[in-house]
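In Swiss-Prot this protein carries:
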- 26-244: region 'TRIAD supradomain' (REGION)
- 30-80: zinc finger (ZN_FING)
- 101-166: zinc finger (ZN_FING)
- C153, C156, H161, C166: Zn(2+) 3 binding site (BINDING)
- 193-222: zinc finger (ZN_FING)
- C193, C196, C211, C214: Zn(2+) 4 binding site (BINDING)
- C206: active site (ACT_SITE)
Amino acid sequence: MGSAGRLHYLAMTAENPTPGDLAPAPLITCKLCLCEQSLDKMTTLQECQCIFCTACLKQYMQLAIREGCGSPITCPDMVCLNHGTLQEAEIACLVPVDQFQLYQRLKFEREVHLDPYRTWCPVADCQTVCPVASSDPGQPVLVECPSCHLKFCSCCKDAWHAEVSCRDSQPIVLPTEHRALFGTDAEAPIKQCPVCRVYIERNEGCAQMMCKNCKHTFCWYCLQNLDNDIFLRHYDKGPCRNKLGHSRASVMWNRTQVVGILVGLGIIALVTSPLLLLASPCIICCVCKSCRGKKKKHDPSTT
């Protein structure tokens, strides 16, 4: 073969690489959706180096922002050894601008709530962060809002009461333009949670309320505790009768579902109890055998 033929052969082999050189890039399994994705569709977290597909991570972040109330967004891997936390720069790159602004606002509100030297003005329309003077733990101090000049207690958020305890204090004194929104009136649109005293606004809907701050469930009209009222019997009698805000049919359907769940759990317990009784001797024997083996292993007289 001449030199021209050898050059043509080398050019052909260079332009047509072997099949091994065209092997596809390795796929990585996402721990959230369990789908295999290429590396360009994955995102690695900076703090813990865990890797997930970008689409799943975006959905996870948006859900964490809506449900997390400003708490840090942790790695979605439940068995992450480094317990990684997502940085703000990562969140800003993966969620829309409005979602990131919501996260920053909720985060700031949470920081103020946990800071003993800052608190929110209890007037709903004010939303001013007020400085709290240092004091002994649990000792109430006078706080004055720099915007609306409301003077209130740092502990119970009621009007400042210098000579009485928080439980015996009078209702909070609000500016005239806000008094129609607050108070003990059953139809008032804004009330305080009976447990944590956070202000809650109700526009419409169900009268069974759950405080987002402390998870306490109560009746909006009389503020009675409903944590253990799974059948909603509170709205069958008394001053709150038929004030739940749902039709009678929906209430009966809810009670039917609760009864069905309880009956199902009872049936499962009845079915599994004989099996547990039959298997209990075997379980006890295995436990005793294991204990004897450990005792012999650590007994110095046997060595």
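Glycine is treated like the rest: Cβ placed from N, Cα and C.
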Outside the zinc finger (193-222), six or more residues from its ends: residues with CB under 8 Å to it: 69, 113, 122, 124, 156-157, 186, 229, 232, 234-235, 238-240, 243-246
Those residues of the chain, 6+ apart, with a Cβ under 8 Å from that of C193 (Zn(2+) 4 binding site): Y199, I200, C211, N213, C214, H216, F218
By Cα-Cα distance, the member of binding-site residues C153, C156, H161 nearest the residue listed as 'active site': C156
Fewest-neighbour residue among binding-site residues, criterion Cβ within 10 Å, set C153, C156, C196, C211: C196
Helix, strand and coil counts within the zinc finger (193-222) (DSSP): 0 helix, 9 strand, 21 coil
Shortest C-alpha distance to C196 (Zn(2+) 4 binding site) - which of the binding-site residues C153, C156, H161, C166: C156
C-beta crowding around C166 (Zn(2+) 3 binding site), within 10 angstroms: 14
